[in-house]
C-alpha cells in the first residue's frame, strides 16, 4: 500500500472532493445517554458525582476538589524548563491579543466598546494517555490574560492520584482548584455547580464523545459557553518543488501520530514532489516503527497527495478544506498566504513544522477542526473577552435625531413608548 | 396594583434574587418536533420546503428565492430618510470595529493574526407583526463590513407578498437573495442548502421557538454558526436622585412595549426616586393606554424597583443580572460604568434612552439576553471575522527550541514524529 496520489483536474472533482470531510458527528445517541447524568448532578450534586465516578471510573472519591498548593510534587528540571519556556512564549503572543477600549464620535454622540472578561472558566483536561499537559497551558493562559477571575481545572480521577505535571502546572499558573471528576458528570458539575464544585459559566478543552455531548447540550440551553466542537486532528500542506520531501513526510506523520483518524493532505503542483513524498513516507515507516499500524491507517486511509494544475488551485482547495493546521512550503509563502481565508493556524516557510506551534512557539494549539475554521477562530484572549458597547447621547443630537426614531418606531408599531422615551427628552432639561 | 418596590439589604437577598432570572428555556420539546422537518429538508430539498410552507403558512410558494432587484416597491420618503440615516450611523460605528492584521517577534519567530470573514451568512427576519426592519440593518451591516461575500435574507412568506420595506432594505444593502421560507424549514434550507437555496455557514436573527431550536440543533452538529440565544427583551437602570423619574418611567415602559414577558429593573439608592417612578408609571398607563394589558403585565409581574443601600450595591447586582440593556442615570455615569463588567449595551447619562440605540445612534441592537452578556457579546463585525493565527519560524530559533519540543513531546508520548519533524530541520538546510 501507499498514500493515494491523485492527479486532479478541474473536470472531475469527484476524485478529490471526498477529502472534504466534515466530522459532523451526530451527538444524539451520546446526548440521550448523558441526560440522566446531567439531571442527577443538577439535583443531587456531590452525591451524584461520587456515584458516577464509582460506576464509570471505579474510583471512590476522597476529595472532589483539590488545592494544588496542598499537593507536593517533584518534576524533572528539564520538563520544568521546557514548560516554563512554552509558558513564556504563549504569554507573549497572547498578551499582544489584548484589545484597547475605544470610543468615537458618530453623528454628535460618543459610541464605544469596552472589553470585559467572562466571570468564570473550567478547563477540561482528559486523563490517562489523553492527558496533554501542553493543552492546559493553551486553555488557561489566554483566560488569565483576558482577566478571567475564576479558573478551575477539571480532570478524570486516576487510581494513582493526581498527575504530578497537572498539579505543577496548576501551581505555576496560579490555579487554586482542580476538580477530579471526568466525563459528562464533570462537565455537569461545572455547569450547575454542586456543594463542593463552584459553577463555571464557560467550559473549554477536548474530551470524549460524552464530554462533547454534555458541552453541546448545556451550551444549547445557554447555561455555559464553550469552545468550538473538536474532531480528529488534521494538517494541510501546500508545497511546490522547492520543498524538502523528507520534511513534508515528517510533518504528515507528525499529524498521523495523533490517531488513525487523523488526516494529512498535501496539495502540490509538482507530480515529482508527490512521488518523492510518498517514498519518504514509506522510508519513515521502516525507520520509525512506533505506532506503525495507527500511522499507516491515518496515512493510507485518511490522507492523500493531490497534484493540482497550479498553486492557485491548491489555495482554492485549501480554503474549501479549511484545515485545522496549514503549512505553506513554497518559494514565496507570503504570496500563497495572501489567498488563504479559512484555516485554524498557518505555518509559513520551511522551518515552521506544526510541532513548533503545538508546543513552544507561542501560538495556541486549540484550533477548530473538521472545516470549522470556515466559521470559528483558534482559542485566544478574544475567546474570553466580551465586547460591551456603550453610548452617550448628546441633547442636541437627541433632538435632531428624534424625527427618525419617531418614523422608524411608528413603522414597527413601537412608537408609543419608544418614541415617547425620546420625545420627552427633547421637551425639557433633566430637571 | 403597582410595580413592586423592594427595599433591599445585604442580609436577606431572597427578596430580590428572584429577579435574577435566566431564560434557559429547554428547547427539547421543540427540537423533537423539528427533527423530522430538518431531515425532510435535507433529503427532499425544495419539495419539502413547498410542502411545509403549505402546511404551516397556508401558502403555495411560487418562487422560493427572490432577487430584490426584480421587485418594484415604493417607500415613503420619510421612511427612506430615517433608515438611510440609521444605516449611515450603524456603518460608522461598525467600521470602527474593523481590526488590523498584526504580527510580532516572539523568541526569534514572527507570530501574528490575520482576520478573514466567514464565507456565507443568512439573516433571518421574522414575519408579520414581528417584522422589525431595523433588525435587518443590524444583522446585515456588520457582515458587509466584515467582508462576508454571500449574504441572504430569510423570512416567512406573506399572503400579501414580500414586505416592501424588506425589499427596499435588501436593495440598498446590496443583498441579492431573499428566501421566503420561515420557521425550522427556513433555517434547515440555509444549513443544508437545497436546489434553489444556497447553503449558508452562519445564521443570525431572532425567531420563534422552532427557529431557535433549529438554529441550536444545527449549530450543535457543527453545521452552522449562530448568534447567541435570544430571549425576552430586558433593561436595567441604575439611577440616583439626580435622575428624572418621568424619563425613567418612559424608558421602563419602552422595554415593556416589547411584550408582557419583557422586564425592566430599576436599581437605585433613593427610596424617594423609587416612589416617584412608580407614580410616573401609573400616570403613563393613564396617558398612553395602547397595549395597556401587556405593558401592565410586564411592569407589575416581570419588573421591579430595588432600593439598594448604595450605588456600589446597584453595580454589583447589575453585574449579576448582566442585562441586555443597561442605562446609567447618575450624577457621574462614567464612574458607575467603570464598575460594570457584564451588560449587552450600556447607555450613559440622561439623554441616552435605549430607543436611541434601538434605532438610530449606530450601536447594534442584537444583544445577548437572559444574563447571556456574562459570556456573550453584542452582534458586531467580530461576530463575522475569524482570527487566523500564523507563524514563521527561523532556523536559528528552531534549533534553539528543539530540546524543549523533544522534552515536551516525549512526556506526551508524541516524540517519535513530532520530535522528528523538528529534529530533521536542525540537521540540514532545506535542500
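Placement of Cβ uses the backbone N, Cα and C atoms for every residue, glycine included.
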- Query: In TrEMBL, A:255, A:258, A:418 are given as binding Zn(2+), so which of A:101, A:107, A:358 is in that site too?
  - Reply: A:358
- Item | One of A:115, A:325 listed by TrEMBL as binding substrate at the site of A:233, A:255, A:258, A:358, A:412, A:418 | A:325
- Quick one: pull the CA-CA distance for residue A:324 (active site, proton acceptor) versus residue A:258 (substrate binding site), whole Å only. 13
- Message: What whole-number Å value do you get for the CA-CA distance of residue A:325 (active site, proton acceptor) and residue A:233 (substrate binding site)?
- Response: 8
- Interface-adjacent recorded positions, chosen from A:208, A:325, A:358, A:412, A:418 when a CB lies under 8 A of chain B: A:358, A:412, A:418
- Item | Site of maximum Cβ density within 10 Å, from binding-site residues A:233, A:418 | A:418
- residue A:124 (NAD(+) binding site) sits from residue A:233 (substrate binding site) (Cα to Cα, rounded, in Å) at a distance of 18
- Give the residue from the binding-site residues A:358, A:412 that has the most other Cβ atoms within 10 Å of its Cβ, counting over every protein chain displayed. A:358
- Message: Which one is it: of the binding-site residues A:185, A:208, A:255, which Cβ has the fewest other Cβ atoms within 10 Å in this structure?
- Response: A:208
